[in-house]
């Protein structure tokens with residue numbers, strides 16, 4: 001009995017020790033895990049769910065919503081593509097897809113600045129930042145060239161020319177980014193994350209040139225005789241102007257703000273992540289949505305008659321939908337022509353059409369009915385102004401007092 005009770009006590013002690021060990025390990029894991037994240041989440045992705053660093057969750061939500069809207073716009077444009085018949089609206093569809101692809105890349109790159117950096121993440125950041133912005137700015141520059149042609153001449157460049165120009169302009173930034181990575185990482189064998197903020201900004205000078213040229217060319221899209229395309233130019237100008245403001249703000253904060261606020265590198269990643277999300281939404285709201293809306297609008301009916309244009313003959317629709325020209329409502333009245341008036345005077349007995357000279361020895365004859373009929377013949381307008389009745393001369397009128 002004594003041995004059995006001793007064994008039970010030992011078993012209870014072992015179970016109590018195991019329970020305390022489990023509770024202690026769980027408490028230590030909870031203490032090391034950020035609030036809002038799971039236990040099995042890698043430390044690299046803690047910023048995506050850490051409630052103590054709320055900026056990551058906010059920027060993540062904004063970027064995710066922007067990515068969904070961009071995908072929806074691409075799907076709408078793809079579905080409605082067979083119904084776009086107008087040549088000037090169908091030619092830039094490829095450019096629109098390219099621009100939406102670059103905007104989607106900006107929203108996706110935002111997550112690379114939220115998670116913790118390593119060698120791979122830093123290389124992706126340094127390469128894709130300049131390339132994606134170069135793609136978007138190149139598409140905006142090609143669009144500015146197209147709208148300027150449409151406003152001035154009424155016809156734009158072909159679709160392959162727009163896409164080719166955008167890709168060629170983007171290729172320059174690809175070469176710059178590759179050279180920067182090769183010279184600093186491969187040749188000098190430095191870590192990919194070991195770079196100064198000034199070096200990062202200097203590698204983006206070409207993007208700044210594209211943005212400034214786009215802003216300058218967008219100003220000329222507001223001048224031209226084809227006014228139906230000026231609204232596209234206005235939205236393009238707004239997009240370029242807001243992009244300039246965003247770039248000035250983030251470069252000021254990235255280069256000087258963190259130093260002045262004595263934050264070190266703590267705010268570098270939030271600054272760049274917010275810049276990507278804000279730029280993506282500017283591109284979507286002020287360029288992608290207006291352009292796609294304009295592209296999907298039905299074409300104008302060029303053969304529709306303008307009933308308010310008096311310089312054109314009026315048209316009416318017959319039962320067979322044939323256009324028949326009608327006479328003008330303001331036809332010239334020829335009843336008062338001088339030839340008919342002189343003929344009427346000769347008929348009344350006045351030689352050579354002279355009203356004031358009578359032949360000697362004769363009082364002449366009273367003007368006959370043809371004379372009175374030739375004096376005045378009302379026009380259609382006179383009938384309308386007279387209330388629909390034809391004005392006639394009184395019975396005692398002799399026809400002598402014509403004016």
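Here the Cβ of each residue, glycine as well, is placed from N, Cα and C on the backbone.
Taken from Swiss-Prot, the feature N-linked glycosylation site covers 30.
The phosphoserine annotation in Swiss-Prot covers 354.
What Swiss-Prot lists as region 'Disordered' is 349-371.
The feature signal peptide is assigned by Swiss-Prot to 1-28, with sequence analysis given as support.
Look at Swiss-Prot and you will find 29-56 (among others) tagged as topological domain 'Extracellular'.
Residues 143, 146, 150, 155-160, 162-163, 291, 294-297, 299 of the same chain lie 6+ residues outside the topological domain 'Cytoplasmic' (78-94) yet bring a C-beta within less than 8 angstroms of a C-beta in it. According to Swiss-Prot, the topological domain 'Cytoplasmic' annotation covers 78-94 (among others).
Over the topological domain 'Extracellular' (116-126) the predicted model carries a mean pLDDT of 91. The feature topological domain 'Extracellular' is assigned by Swiss-Prot to 116-126 (among others), with sequence analysis given as support.
Here the topological domain 'Cytoplasmic' (148-162) has, by DSSP, the following mix of helix, strand and coil residues: 10 helix, 0 strand, 5 coil. For 148-162 (among others), the entry in Swiss-Prot reads topological domain 'Cytoplasmic', with the evidence type sequence analysis.
Sequence annotations record features per position, and here Swiss-Prot assigns topological domain 'Extracellular' to 184-199 (among others) based on sequence analysis.
According to Swiss-Prot, the feature topological domain 'Cytoplasmic' maps to 221-234 (among others), an assignment based on sequence analysis.
Under the heading topological domain 'Extracellular', Swiss-Prot lists 256-271 (among others), citing sequence analysis as support.
The feature topological domain 'Cytoplasmic' is assigned by Swiss-Prot to 293-403 (among others), with sequence analysis given as support.
What Swiss-Prot records for 57-77 (among others) is transmembrane segment, and it gives sequence analysis as the kind of evidence.
Positions annotated as transmembrane segment by Swiss-Prot: 95-115 (among others).
Here Swiss-Prot flags 127-147 (among others) as transmembrane segment, drawing on sequence analysis.
For the transmembrane segment (163-183), same-chain residues at least 6 beyond its ends with a Cβ under 8 Å from one of its own Cβ atoms are 94-95, 98, 123, 126-127, 130-131, 133-135, 137-139, 141-142, 145, 192, 199, 203, 206-207, 210. Look at Swiss-Prot and you will find 163-183 (among others) tagged as transmembrane segment, backed by sequence analysis.
Long-range Cβ contacts of the transmembrane segment (272-292) within its own chain (Cβ-Cβ under 8 Å, at least 6 residues beyond either end) map to 55-56, 59, 62-63, 66, 69-70, 73, 76-77, 92, 96, 99-100, 103, 106-107, 109-110, 113-114, 125, 129, 133, 136, 140, 143, 231-232, 235-236, 238-239, 242-243, 246-247, 249-250, 254.
Per-class residue totals from DSSP over the topological domain 'Extracellular' (116-126), listed helix then strand then coil: 8 helix, 0 strand, 3 coil.
With a threshold of 8 Å between CB atoms, the same-chain residues lying at least 6 positions outside the topological domain 'Cytoplasmic' (148-162) that come near it are 88, 90-95, 142, 217, 220-227, 229-230, 232-233. With DSSP classes pooled into helix, strand and coil, the tally for the topological domain 'Extracellular' (184-199) is 7 helix, 0 strand, 9 coil.
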